[in-house]
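Okay, so here's the structure we're looking at.
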Amino acid sequence: MIQSDKGGDPPDSKDKKDDKLSTKADFFGLKSSVLSSPHELLAPPSGLKCPSHLHLPFHPSPHLCPLPFVGISQILRLVLQQLNLFYSRDVNGVCLLYDLLHSPWLQALLKVSYDCLQEFKGKKLIPATPHAQALSYEVVKILRETPKSPEIQELRQILQAPHLKALLSAHDTVAQKDFEPLLPPLPDNIPESEEAMRIVCLVKNQQPLGATIKRHEMTGDILVARVIHGGLAERSGLLYAGDKLVEVNGVSVEGLDPEQVIHILAMSRGTIIFKVVPVSDPPVNSQKMVYVRAMTEYWPQEDPAIPCMDAGLPFQKGDILQIVDQNDALWWQARKISDLGTCAGLIPSNHLLKRKQREFWWSQPYQPHNHLKSTISISMEEEDDMKIDEKCVEADEETFESEELSEDKEEFVGHGQKFYIAGFRRSMRLCRRWSHLSQLRAKVCGASTCSSAAGAPYEEVVRYQRRPADKHRLVVLVGPSGVGVNELRRQLIELDPNRFQSAVPHTTRSKKNYEMDGREYHYVSKETFESLMYSHRMLEYGEYKGHLYGTSVDAVQAVLDEGKICVMDLEPQGIQVARTYELKPYVIFIKPSSMSCMKQSRKNAKIITNYFVDMKFKDEDLQEMEDLAQKMETQFGQFFDHVIVNDSLQDACAQLLSAVQKAQEEPQWVPATWVSSDTES
Ligand SMILES: Nc1ncnc2c1ncn2[C@@H]1O[C@H](COP(=O)(O)OP(=O)(O)OP(=O)(O)O)[C@@H](O)[C@H]1O
């Protein structure tokens, strides 16, 4: 499709002249395909659609290749083999041909060839004879008449070998300047004022052409506004942003609106011929390909500012995008990595999206951030509820203590062998749920950084493959309370305690006589705990019954230093704190299954609460879990590397094991900063 572009040009100097361009928008649904022959450019011949013709321009033509071309011709032969393969498989072979010819290795090869030619051109070599082939025949004839000797025999064989014959034939072609195709001579008297025209021929099909047009406000010219990466126009290399459209199928576009041009194109059938005045300085996209993780979502259909809605690329939080063009300061071109074969689409640049986020933020009525009430902040009402809960616990202290004991017993069981799994203590889990996290964190990081509405909308990412000698990546499980995060974590560790381990949390409460420092908890003073908090060495922390509980970076590091995989559960707000180069966390979101499934599967499941020990799930609990999961996904989905729906516990556990293995052994997208720090160190 060619689409009308509303403008949105970068405000840089290169495009200043376009500031006055029209901002009308429309779309014309021209689907077009194979681009045949322009006159001026070194484009594929019009016979491209015929497989037999495909070979012609790519034979190692003798007059194009410098002498040591054995390697080159070999590679070109490979290219031809590939093309033949593609051709027999794919009707749309021309596109593949184009892709191949655009491949960097072929370009490099041609460049070498060209450089060699240039070198020889400078030397002005003159052939000793233009008829080396005839000469060799003559020599062979003479040799036949001379007395036989092994040397003469060998010379005859050499001269009659097909390779040498081909070489001599190539020599003669070059020597006689017998080049093809013959181009018509240029007329001598072209007036200087006359603009060079390019004729571009396109054949409509289901593929979009991938270009947008706009009208220049001052001159009224119809210009190609944007050529979309990966579209036919771009792959043809014949249409560039800035080209002036003169005629479409013989109809002059002078004085027409973009919409009228679009109408002509929409009405056209089969081949469409464009006459264009090429832009004097075609833009070159020399930027390297960048990959980013979308930290927000974008819907072009809801964005009235997009230059061309149909060319927009919608994306969701967490999508990995390949940015292919950043020439425009406002509108980039990108593809989703899940869909790299397609034409690119327009997305707002980092700068523009940030601006949009800020505008959106200010347009919203003020709301305290209580949408994840149970995990982030606690409203006044909840504060009161909590006090009541705490009172209940206080009143029931003995029972509570004995329950902690019984939980210990439970935790000592595994594979018929007694071993202790840290990080599952009831107090720690309850403190997470009832933590004063937001208040505590506010103390540490100050309102400005924590409440910043709009972080970077894109995060640059790279493929990271952990080397066997590297420490393992931290595995973080996130999910709404009761979904089974701890159950899955426990099952994973029990599966192979020599490989998987939890971090030992810290607490400011005093050690009980059956506990061991560094086993259940690291017992530290309030001052030590707070100093860890203030120096950002705590991944998570909270207060429960007047004591502080939390997991430190060092505790996680201790597990990783042992060569084990540290598996921890975190509240989603803690993910950002854990996302560091040293821990390289792999975040798995544990999601509840549907209500009806959970009603079945959670029949015998028990919730941990601060005063009921074996409380069964009620429908409201399941509903709350589902709601919270949705909110978590909406707010933190961009950080999730993997999602597991916890329906059947056995399946979920198998999925978890496989995901954890992949995280450690297969390449994953991680923030670019994690890897650049790697190379620095
Ligand atoms: N897939 C499942 N099928 C049946 N029961 C399950 C499943 N997953 C978890 N459970 C049970 O649900 C209950 C709650 O699970 P778990 O304690 O792991 O929740 P949690 O996500 O860690 O919650 P919290 O963060 O509040 O501690 C447990 O009794 C557990 O055995």
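Yeah, the Cβs are placed from backbone N, Cα and C, and that goes for glycine too.
What TrEMBL lists as coiled coil is 615-666.
The domain 'L27' annotation in TrEMBL covers 125-182.
The average pLDDT the prediction assigns to the domain 'PDZ' (199-280) is 85. The domain 'PDZ' annotation in TrEMBL covers 199-280.
Note on the domain 'SH3' (287-357): DSSP counts are 17 helix, 24 strand, 30 coil. Look at TrEMBL and you will find 287-357 tagged as domain 'SH3'.
The annotation domain 'Guanylate kinase-like' is assigned in TrEMBL to 472-661.
The annotation region 'Disordered' is assigned in TrEMBL to 1-20.
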Residues in the domain 'PDZ' (199-280) per DSSP class, helix first, strand next, coil last, are 15 helix, 32 strand, 35 coil
Per-state residue totals over the domain 'L27' (125-182) - DSSP helix, strand, coil: 39 helix, 0 strand, 19 coil
